[in-house]
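Working notes, beginning with the structure itself.
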Amino acid sequence: MPNETNCTLDFEQSVQLFKEYNLFITAFLLFLTIILQYGYATRSKVIYTLKMIVLWCFWPLNIAVGVISCTYPPNTGGLVAAIILTVFACLSFVGYWIQSIRLFKRCRSWWSFNPESNAVGSILLTNGQQCNFAIESVPMVLSPIIKNGVLYCEGQWLAKCEPDHLPKDIFVCTPDRRNIYRMVQKYTGDQSGNKKRFATFVYAKQSVDTGELESVATGGSSLYT
């Protein structure tokens, strides 16, 4: 009979393996902690992009581990649990792509594939430029500001513009809805009276429909910049 090799690690081998790779494990966990804790669109777009890549990798990694668990189950109960968890992971991953593609068709923004949220804010400036930004939910009020000639919304840098470039309506899109916000108040000028230096706009949620942003674009340069 052929010799069978036992590939199971005993306690001492496990400790030795951990000692050899503990520095790598520490560095890897520290990297994940920094990315997940400090990866915000309002702080650093580079770290936020790395965070998105890490989150995107979690689902395929989870599915791969689930397939391995199904291939090498510890027992019958473990096989059933592995199948259920793997199917759930696959359905969740497919559902994410379906919702993201639907949102992309509505607003034509790569923010649609943001795994942290299911909504994208869009401001169609009167000069034809479209500014998209990540938003976690659909709020009742949005307050974009212009500071030193730069437009910000939800704390995110969007574009250089003038107060006159802000439209009457802005939008927050979800996979199945387009939420329309109407400008209800506008404050311009700072303490020095410079109206181009600082401006605050208040938009209140006005209505909801199923339209796409393309249907409200009129002239100007490319809508999807």
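Just so you know, glycine gets a Cβ as well, placed from its N, Cα and C.
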Can you check whether Swiss-Prot puts K51 on the same side of the membrane as R177?
yes
Average the pLDDT scores across the topological domain 'Intravirion' (99-225) and report the rounded value.
82
Same-chain Cβ contacts of the transmembrane segment (78-98) under 8 Å, 6 or more residues past its ends?
59-60, 62-63, 66-67, 69-70, 115
